[in-house]
Every structure is written in C-alpha cells, then in structure tokens.
Amino acid sequence: MGLFRAPRWATHPGVRKARVVRERGSGVSGYGVGQRLKGSVQVGHCRLGAMAASGDPGRQWQEEEAETAAVVVVGSCMTDLVSLTSRLPKTGETIHGHKFFIGFGGKGANQCVQAARLGAKTSMVCKVGKDSFGNDYIENLKQNDISTEFTYQTKDAATGAASIIVDNEGQNIIVIVAGANLLLNTEDLREAASAISRAKVMICQLEVTPATSLEALRIAHSNGVKTLFNPAPAIADLDPEFYTLSDVFCCNESEAEILTGLEVCSPTDAGRAALVLLERGCQVVIITLGAEGCVMLSQTEPVPKHIPTEKVKAVDTTAQLFFFFLPLTLYGIMMLKSFLPQVMDIPPGCW
C-alpha cells in the first residue's frame, strides 16, 4: 500500500534532514528545513550554494524528485491563541483563565497533520505571512513530515490567527482573523496543480476564499482525484458547483442548518438535511452530530444511516471533525474500494 509507506527523506552528509521551502521564482522546491539565502540554501550550519537549483545531475538532492503526496490539502493555517477557563464569558464580561498557550491550527492544516500522522504522504497548499508566526508554522509542518513545496509566504498580510477560549466542559468559542489565508489564489493553485492532479485525494474547506477552494476542487475532479469538502465556515449561498465536485461532503449539524435552512436537532433531522445536500449533487454526504455520532448516505445508498458513537467526556471539541473523517477517508483509499459504500460498513469502534 503505497499510501501508508513511511516518508523517505534525503539527507546531506553530516547534517540533519535537508528540506527546502518553496519560494516563488527561486527555482528551489521540495520538502523544507532551512531558508533560501541569495542563491544558496542554508541547511543546519552548511551553505550548499546554488547546488539545489544548479541542475548538476551528480549533486541534485533526492528530494527534488520527492514522491508524490497521496493527500493534498488546500486550505488554512492559523496560529491558535488558546485560553483555558472554568466557564465561557458572557457578553461584556472579563473572567480569569487558568492557562494560556499558543498552538498550530486552521482547518486545512489540522486535516493535513492528521493525515500525515495516520501515515499518508501529504502536501499542504497554503499561504502564511512573512512573520514569526508564519516561520514557526512552516517549521511545524516540516516537523510533521508534510511537504511545504507549495506553502507560500506573503508580506501583504499577517499569518492567520484564532483566539480560542475553552471551558472545563470542553466547549469553546473561537474568533478567527484569516489574514494571509485569504491571499491564497488561483495563481498559487496553478503552480500546485501538478501535485493536486497526482494525489489520491484532495481536501479543502472555506477558511480560504471560496473561489480558491472551488478551483482546487475543479483541478482535482478533472484529474480523477477523489475530493473531500468540508464547508466550514458555512455560507448559505454556497456555489452549486461545490456540491457536484464533492465526492465526500462532510459538515456538522450547524453547518448543515446554514446550508439547507432546515433545523438539525436529531439524527432524523440530519437525515432530512443530508438528503437535500445529496440532491444537490454530492456523491456522499456525512453530517456529524457530536455526541450523537453521525448520519451518512450516498448516491448508491440514499437511505440515511445513523452511526452512533460511544459517550465520552469532551476535553476540547476544537477540530473534532478532522479526527472523524480523515481516518474514514484514508481507510477507504488504502483498501482501494469504491470510496464510501464499503467504508460505511466499518464498525464505529474503528473510527
């Protein structure tokens, strides 16, 4: 199973893993530790001159011909500023928290890291600011063995950030400032098209501009790449093409309400909303219901199926969706079956 092969890194003798961050127009690309310095690449304490871009067949790095990523994520990177409190504050209220930390988030990056930790070769197509948060974010992707060949930096906006408050019950409130994420554009996608078109699956969301996500879906779909679309944050007037280009359309109950105009308070409600989404052209629809599990159906099995889950105490519900559908998706690819009808028979305990 090529998808779950452990990543192989080429290294320069005497230094730690050598990887290169893409810089538009630099002629250097690949997997990243290090920075480009006026025609040279700094790796550890060694400057490798113009070797990586020189075209010298005897000295080219092996990662210039890195293996194709099986999972390509087009989406957001957010620096998370997290405060832990006993309860969530009311409007206008100031309360004391008991812990603060800075983490790495964003719907796109969460999905990409999850896929990488499950063993898939992954690539992240995203944009961060040329600031300390952006530099730290690129390093974090590398530490998770994610290709940063198409991770761009811009001086025109700050790295996206999210202010998150989490209470003792694991509930949260989140405010995001998308920043550089909104500058990821179709020109960037055209540069990344070769990676997207060779992937087994492409995943995107709506924390970048809808036009960018839609273009990513078009590129993937036109090349026979399976597509997963997470319509979050949800918008009521979503372009109809998002539905027809999605092999798997996965949202939570609040997003399903925004998209369909139907109230979703139970698995039965979710089934009705899922049917509406299916009628819009999705191949497979999954609506997650938190503690109630999920409801799913497909064009081949259009009867809503409720999959319950075991009750657990939530620590933090942030990003819980990604820990649900990525194992599901990667299992489907690994087994090389017809994407979801077979995957729907996975026992709930395997998720």
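Every residue, even glycine, has its Cβ placed from backbone N, Cα and C.
Listed in TrEMBL for this protein:
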- MET78, THR79, ASP80, GLY106, LYS107, GLY108, ALA109, ASN110, GLU207: substrate binding site (BINDING)
- ASN252, THR288, LEU289, GLY290, ALA291, GLU292, GLY293, THR309: ATP binding site (BINDING)
- ASP316, THR318, MET334: K(+) binding site (BINDING)
- 70-319: domain 'Carbohydrate kinase PfkB' (DOMAIN)
- 321-340: transmembrane segment (TRANSMEM)
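Using a 10 Å radius centred on the Cβ of GLU207 (substrate binding site) and all shown protein chains, the other Cβ atoms total 26. For the binding-site residues given as GLY290, GLY293, the lowest number of other CB atoms within 10 Å of the residue's CB is seen at GLY290. Ranking the binding-site residues MET78, ASP80, GLU207 by the distance of their Cα atoms from the Cα of THR288 (ATP binding site) places GLU207 first. The two recorded residues, ALA109 (substrate binding site) and ASN252 (ATP binding site), show a Cα separation of 18 Å. Proximity of MET78 (substrate binding site) to non-local residues of its own chain (separation of 6 or more, Cβ distance below 8 Å) is seen for PHE104, GLY105, GLY106, ALA109, THR159, GLY160, ALA161, ALA162, ILE176, ALA178, ASN181, GLU207, given in sequence order. Cα to Cα, GLY290 (ATP binding site) and LYS107 (substrate binding site) are separated by 17 Å. What surrounds the substrate site, by Cβ distance within 8 Å of the Cβ centroid and not counting MET78, THR79, ASP80, GLY106, LYS107, GLY108, ALA109, ASN110, GLU207, is the set GLY75, SER76, CYS77, PHE104, GLY105, GLY160, ALA162 from the same chain. Surrounding the centroid of the Cβ atoms of ASN252, THR288, LEU289, GLY290, ALA291, GLU292, GLY293, THR309, where the record places ATP, the chain contributes additional residues within 8 Å, namely GLU253, CYS294. LYS107 (substrate binding site) is 18 Å away from LEU289 (ATP binding site) when you measure Cα to Cα.
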